[in-house]
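Swiss-Prot has this to say about the protein:
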- Lys32: active site, proton acceptor (ACT_SITE)
- Lys32: N6-(pyridoxal phosphate)lysine (MOD_RES)
- Arg128, Met305: substrate binding site (BINDING)
- Tyr257: active site, proton acceptor (ACT_SITE)
Amino acid sequence: MNILKISKQTLRNNIKIIREYIGNAKMCFPVKANAYGHGIEDIVENTHDLVDFFAVANSLEAFRVTAVAKNPVLVFGVIYYEYIEKMISENIRVSIQDYEYIEKLEQIAKELDKKVYAHININTGMNRMGVDYNDACRTIQRAYESDWLILEGVYSHLACADNRDHPTNIKQKNRFDSIVKFTKGLSQDIICHLSNSYGFLGQKGICYDMVRPGILSYGFLPEFYVDRVIREIKPIARLLSKVVKIITLQEGEGVGYSLIYRGFEGEQLAVIPIGYGDGFPRELGDRGFVNINDVMYPMAGRMSMDGLTVSLGINEYDVKVGDTVELISAIPRNRNSAFSIAKQTNTIEYDIMSTLNNRIIRKII
């Protein structure tokens, strides 16, 4: 059995640290992609009293949140019309991505005789989604004056927040500042928000009315940030499995597909029942590390869909079937932390955690 064990205490402590850091700004907690792989229902259930909003990528994720919490939920992505009636009935916040979408929302709201809560996404430079910057004020004005929309928020997203010195950050901030000025001229109550984790850590004066700290809440810090308070944030999860078999190699034998790993006579290998079919990175095969009984062991041979093997050498520490295996550590400096795994596989921690799928059990401890 493969289990992602999540520390409730660490999770809640991370959020409390963030809330202290951001002062009076509201906190919108992103739980998209199954709460970055940690399990959306468990994460929401254990944090809803600490945050103001939750944010997700689509309608189906939003329904999973509203099933366990009453907090406002903002959907970042495009809305699918087959779900829009349920979204409106549950007061799920819709993102307006272009001017024309306002009229479509109004028509549906009239049919339901219920107003729609909306946030307008402005493209200030990421060039992915959102109302064009040059059309922002017209769109905001139109939504604000609508009889069927409640314009609750206006937001944008930084393209280069992970590089705090990138000139695009200032360009986007300046554009957003002008939008904020226009928006606040209509109503001081409209929530303006721009920053994700890297954004409000790397840029000054960028919290506005609300921040959206996703990866930071789960315990992953940008390398550039050394603030003492924020450094108290810790990863919340460990991925664990069990040794299911010990194999002893004979002379000239190898292990796994294509037998790319060739061991020595008498070498012992531990078989672990987790593979890329569980969302664990296949690239780690033959170069990753796992922790068994506080000893690091290297992976040996190619990872398969349902399993991997690690070399125990001569097994001087007497690893046995049933021993616990730590595949992802909650200690960032360890060779099997999500940070280290991301470095080894040329990706980011978001990727490592969010691709862990439902073959892995999530357990809050």
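Glycine residues also receive a Cβ, built from the backbone N, Cα and C atoms like all the rest.
For Lys32 (active site, proton acceptor), the count of additional Cβ atoms within 10 Å of its Cβ stands at 20 [all protein chains shown]. Taking the C-alpha positions, the distance from Lys32 (active site, proton acceptor) to Arg128 (substrate binding site) comes to 17 Å. Within 10 Å of the C-beta of Tyr257 (active site, proton acceptor) there are 11 other C-beta atoms, taking all protein chains into account. The C-beta environment of Arg128 (substrate binding site), restricted to residues of the same chain at least 6 apart in sequence and closer than 8 Å, consists of His157. In sequence order, Gly275, Tyr276, Gly277 make up the list of same-chain residues 6 or more apart from Met305 (substrate binding site) whose Cβ falls under 8 Å from its Cβ.
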